[in-house]
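Chemist: First, the structure itself, so that you have it in front of you.
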Amino acid sequence: MASSSGRVTIQLVDEEAGVGAGRLQLFRGQSYEAIRAACLDSGILFRDPYFPAGPDALGYDQLGPDSEKAKGVKWMRPHEFCAEPKFICEDMSRTDVCQGSLGNCWFLAAAASLTLYPRLLRRVVPPGQDFQHGYAGVFHFQLWQFGRWMDVVVDDRLPVREGKLMFVRSEQRNEFWAPLLEKAYAKLHGSYEVMRGGHMNEAFVDFTGGVGEVLYLRQNSMGLFSALRHALAKESLVGATALSDRGEYRTEEGLVKGHAYSITGTHKVFLGFTKVRLLRLRNPWGCVEWTGAWSDSCPRWDTLPTECRDALLVKKEDGEFWMELRDFLLHFDTVQICSLSPEVLGPSPEGGGWHVHTFQGRWVRGFNSGGSQPNAETFWTNPQFRLTLLEPDEEDDEDEEGPWGGWGAAGARGPARGGRTPKCTVLLSLIQRNRRRLRAKGLTYLTVGFHVFQIPEELLGLWDSPRSHALLPRLLRADRSPLSARRDVTRRCCLRPGHYLVVPSTAHAGDEADFTLRVFSERRHTAVEIDDVISADLQSLQGPYLPLELGLEQLFQELAGEEEELNASQLQALLSIALEPARAHTSTPREIGLRTCEQLLQCFGHGQSLALHHFQQLWGYLLEWQAIFNKFDEDTSGTMNSYELRLALNAAGFHLNNQLTQTLTSRYRDSRLRVDFERFVSCVAHLTCIFCHCSQHLDGGEGVICLTHRQWMEVATFS
């Protein structure tokens, strides 16, 4: 359908202006202060109705209600099995976090690292909580979840077996901030058991709102020590994992394979004239330590100056130890670094700071879950984000360079020295939302990733709205992340200044999941989601007014009789005959059902009936819609692919945003991801009715109408 210069546009306004990503939100709507005040007033200790102390809170499988591990479990408040419980004994330290039997060392290693930074820890564990003054059996913690900080309230009933805490505990037996933090995390995700198995960076991100990277040491370790030193100096949280293909086991040197460790420090010492790079690590189990070179009992410490030795070496079986970098590289496979956001770090003293954009999205089967292969027919339907990098990195003075020797680790490599090409370093982080909570339903993390394409200047104007598959092959791929089944997939990209298209995807077309995409850079950038403005061409709303063929008009009069108007069943009979010629071009009859005919009466008639002049207008619409449908019914099967519904609606004169297109696709496609002619007619008639109604409130029938998101979705979906 040709477009007219006139247009009806729906402008969406935010009814919750001022609610930013940094604003604290109450998980389950529970206010710590309100609950505490109510409990103190009533004299009754808090019992959390949203996370009841019982079998479901423990788990669903190995910790399920009938499991061996769940037998004999009692839920007890600390004062019921501890003489003088304290929330915090003096200061919080990394020795406060000791692992129990849950298998969540990834979480505990991250918590241990967090204790090194009191300012960060105070954000997660708000001060002013204890078991003495104003105790009401309620505590709260603040955790980051997919772009928002959540305040999570818990009661202090903890799972106890044979008089001992089942899960995390403190080395100081009467300290309980760590077990209660673990409970808050379990509540956020549905149960304790869903915390079994994970990656340290996942907890790092949830504790800080930062962005996590995984460094694969077997691929390249050049520049690692410098990267770690600078990461720790910038208050990044750092961990390491020794991978295992047969579960957790202890090596002869005292390391636990398949286990997560915290990296808590770096130091350079001289052994004679040889420079030695040392890393300080901590094992959450506490009692199992490295026994090789530079371990607590290693004689090499005796060769160092007393002042240096006393500053570094603490001989205690607390799970913390030093090891040389070359030994670390022999025994560990990955390093995780979580760089912190400006929201947590505060303004940069140099005035630079970080630039961050966060987007929320969803892959929907049949709409925008197009898979990861750029040459696939559905790849173009994936969500798309336009990234513009405006300023190149600054020059770096670091001598030690490597794959991690750049921004966020060992400083930013820049363009000036040696005439190097200007580069912009940016971190792209793709997060699958809420998949850990879905473990209880048998679901797990999908394999996901993203592509980065460069947009040449001559095509830049074409990427203001979702584009078809015809344009994507014209773009050069600038970078891509690995496909991974982790919650967080992060890639450090080094790109030239310019314009880029970021396309996140699942590995397989049709997989469904919610996601968060974040863009981090120290230099200025802009990022926007590729989306359409909601509008309709005025000509598509006016519709053609075609004279009816004599035979069709006579048939109308015969069916209408003395009433001179058709009801729904009569309209169905008329359309069945009128659309007969179209059946010669398809293997599937183009029938219009009774329910759709009732809808057409609502849109084009008086609600219950249709006069001749109204049918004349409807028939003009149907002929145009049929021509559009035929264009997208390439195999003459009588259906079109639901992934192409957006393009068909564009051809009909309707331009819709991603949210509405997703809603309509889910509503009008069938289980085979196909849209037949009747469903297409119903969808387009639905939109015609909406925009015609809106245009009546505009001068001349065209212009802009402002609606809130809620008002628009209510109008657009008739909800």
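In case you wondered, yes, glycine gets a Cβ from its N, Cα and C as well.
Since the structure is predicted, the reported quantities are computational estimates derived from the model, not experimental observations.
Per Swiss-Prot, active site is recorded for C105, H259, N283, and the stated evidence type is similarity to another entry. The Ca(2+) binding site annotation in Swiss-Prot covers D633, D635, S637, T639, E644, and the record cites sequence analysis as its basis. For 393-402, the entry in Swiss-Prot reads compositional bias 'Acidic residues'. Per Swiss-Prot, domain 'Calpain catalytic' is recorded for 45-341. Here Swiss-Prot flags 620-655 as domain 'EF-hand', drawing on sequence analysis. Taken from Swiss-Prot, the feature region 'Domain III' covers 342-540. Under the heading region 'Disordered', Swiss-Prot lists 393-418. Annotated region 'Domain IV' per Swiss-Prot: 541-719, in sequence order.
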Chemist: Excluding D633, D635, S637, T639, E644, please set out which residues of the same chain place their CB within 8 Å of the center of the CB atoms of the Ca(2+) site, keeping sequence order.
Modeler: F632, E634, T636, G638, M640, N641, R674
Chemist: Take the C-alpha atoms of N283 (active site) and H259 (active site) and report the distance between them in angstrom, rounded.
Modeler: 8
Chemist: Per-residue pLDDT averaged over the domain 'Calpain catalytic' (45-341) comes to what?
Modeler: 87
Chemist: According to DSSP, does T639 (Ca(2+) binding site) fall in a helix, a strand, or coil?
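Modeler: Going by the DSSP assignment, T639 (Ca(2+) binding site) falls within a strand, counted as strand.
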Chemist: Please give me the CB contact count at 10 A for D635 (Ca(2+) binding site), counting all chains in the structure.
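Modeler: Looking across every protein chain shown, the total is 10.
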Chemist: Tell me, which binding-site residues from D633, D635, S637, E644 are within 10 Å of H259 (active site) if we use the C-alpha atoms?
Modeler: none
Chemist: Taking the Cβ of each of the binding-site residues and counting other Cβ atoms inside 10 Å, which one has the highest number: D633, E644?
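Modeler: Of the binding-site residues D633, E644, the highest Cβ count within 10 Å belongs to D633.
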Chemist: In whole Å, note down how far the CA of C105 (active site) lies from the CA of S637 (Ca(2+) binding site).
Modeler: 55
Chemist: Around C105 (active site), how many other CB atoms lie within 10 A of its CB?
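Modeler: Result for C105 (active site): 25 other Cβ atoms within 10 Å.
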Chemist: Based on Cβ atoms within 10 Å, give me the single least packed residue among the recorded positions N283, S637, T639.
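Modeler: Each of the recorded positions N283, S637, T639 was scored; lowest Cβ tally within 10 Å is S637.
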Chemist: In which DSSP state, out of helix, strand and coil, do we find H259 (active site)?
Modeler: strand
Chemist: How big is the gap, in Å, between the Cα of E644 (Ca(2+) binding site) and that of C105 (active site), rounded to a whole number?
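Modeler: Given the Cα positions, E644 (Ca(2+) binding site) is 46 Å from C105 (active site).
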Chemist: With H, G and I counted as helix, E and B as strand and the rest as coil, say where DSSP puts N283 (active site).
Modeler: coil
Chemist: Using the alpha carbons only, what distance in Å do you get between D635 (Ca(2+) binding site) and C105 (active site) once rounded?
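Modeler: Spelling it out, the Cα of D635 (Ca(2+) binding site) and the Cα of C105 (active site) are 55 Å apart.
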